[in-house]
Amino acid sequence: AIMDTIKDTAKTVAVGLLNKLKCKITGC
């Protein structure tokens, strides 16, 4: 269960970082 939570958190963080990169490159 803990591992699933960590995976979900990692996914959320990764998506957030990707969105920030997209904003820098193409604008939001």
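Backbone N, Cα and C atoms are what each Cβ position is placed from, and that goes for glycine too.
Residues or ranges marked as disulfide bond in Swiss-Prot: Cys23-Cys28.
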Sparsest-packed among the disulfide-bonded residues, when each Cβ's other Cβ atoms within 10 Å are tallied, from Cys23, Cys28: Cys28
For Cys28 (disulfide bond), the three-state DSSP class is coil
Using DSSP and three states only, what is Cys23 (disulfide bond)? helix
